[in-house]
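Heads up, the thing below is written out as structure tokens.
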Amino acid sequence: MSRAAAKFKIPMPVTKADFAFPSLRAFSIVVAADQQHGIGDGETIPWTVPETLAFFKDQTTLLRNKKPPTEKKRNAVVMGRKTWEVPLKFRPLKGRLNVVLSCRRPVDDLLAQLPEEKRAAAAADVVINGGLKEALHLLARPPYCSSIETAYCIGGARVYTEAMQSPCVEKLKEVYLTRVHTAPTCNRFYEFVRRRRARAAVDLESTSGVKVSDAAAHLSYEIMKYVPHNAEERQYLELIDRIMKTGLVKEDRTGVGTISLFGAQMFSLRDNQLPLLTTKRVFWRGVCEELIWFLRGETNAHVLADKDIHIWDGNGSREFLDSRGLTENKEMDLGPVYGFQWRHFGADYKGFDANYDEGVDQIKTIVETLKTNDRRLLVTAWNPCALHKMAVRPCHLLGQFYVNTQTKELSCMLYQRCCDMGLGVPFNIASYALLTILIAKATGLRPGELVHTLGTAHVYSNHVEALKEQLQRVPVAFPVLVFKKEREFLEDYESTDMEVVDYVPYPPIKMEMAV
């Protein structure tokens, strides 16, 4: 039932260059310091702990899957000129893109320091840039936005200081701080501990505990990982915690049972941010394909199943449709659900294989009226006249769009009447974030915010233990979304046209869907 005819489609303008990529690349810091936060004396690091050197090499070289770098994917290490001047035999740091910060020296000067036999190979491993801000701007754009998996800031003191100042600190994802227990002899200091109090809250995600080196005169050390406090995802986790502690235990349609509260969450979409929750991996490809399926007006669950996305299989089964009295529907025909209401509101539903050119096209109307600064920008999936024909009644049922005429930003407020906090809500947050981003692209606006208002926010009883596990995890920074390919029409986008960059979630947590 795809809206293939061009007259029904929504044209997409070419994205302006400033909108296509985040302003700066997210980055991590790797640093070793003594108990007084000293990191060196301007020339050397006054200790040698083989275990911490091995950690530095592995952390900055290996990819997130713990495998070595490849021709298509590696990490970047961003450093000042003095940090670059490690012993000559180590230059450039192998298997990594070396980004050296210098306003005066061209890259040819750095390569000239190397033995002649190393220069040709090193040319592809070394780039030079001004300051950290300029380097992060470079790494946020092609080819580096796709070829670099993680950018690491590795010093020295001036570079660390810039990293903890705006605008760079807003892109900080992680700090790997190795604390070496040794007598203080440094005159260069890393300011993370002091600046974190003044600038942004951080969470200690993990620690190795204090260990004693086997080879460094029995020096002790501790490797700690800090992450900036993710207040937006904390809203989600704190609501789950409140539901499980104070919610009302109720029976529900599925027979599983719920614990519920009647409850708004807000997520920023600025600078390409995508609120894809990090305390468990969210099935991004499923989110993306389902939203595109909605935007095409589809109601045939086979379309998703054929792409190995089975989120609608249970509701489209013969058994479930018959239980809803939809005995005339073909298997996997969900009836006039979300996509049909978005694109054909009020039309008579005749099955997923019929062609439709009637009804109100709410999505196209929103795109067209946004250009006139209209305030009546609503899309609803709740059609009382058609509820009895739907396999499931809409949970996320109303979106309102709003334009900030000063910043040219588009925001969306989603009202969701029924909120499965374990499985559905993480999906819905990402889905309506993507919807807002796509409509912003279609109208030449910047994405602003997603405000998520929850009606009955509930936890299924069979999700409680899994969510307790999730609540023990520390949320990290959200990823960003970049578009690898432009399309002429909104409905023509595919999930492969988009790339999520710097998504480093915890592993998935299995939860059964209540049907």
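Cβ coordinates come from backbone N, Cα and C, glycine included.
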Per Swiss-Prot, HIS396, GLN416, ARG417, CYS418, CYS419, ASP420, ASN428, HIS458, VAL459, TYR460 bind dUMP; matching candidate in ARG188, ARG234, ARG253:
ARG253
Pick out which of the binding-site residues SER102, THR178, GLN416 has the most other Cβ atoms within 10 Å of its own Cβ.
GLN416
Test of understanding: give the count of other CB atoms lying within 10 angstroms of the CB of VAL30 (substrate binding site).
19
Which has the fewest other Cβ atoms within 10 Å: ALA32, CYS418, the binding-site residues listed?
CYS418
Long-range neighbours only, meaning 6 or more apart in sequence with Cβ under 8 Å: which ones does GLY40 (NADP(+) binding site) have?
PRO46, GLY156, ALA157, CYS186, ARG188
Could you please provide the mean pLDDT value for the domain 'DHFR' (26-228)?
89
Across all the protein chains here, work out how many other Cβ atoms are within 10 Å of the Cβ of LYS82 (NADP(+) binding site).
16
Measuring Cα to Cα, tell me the gap between SER102 (NADP(+) binding site) and ILE154 (substrate binding site) in whole angstrom.
15
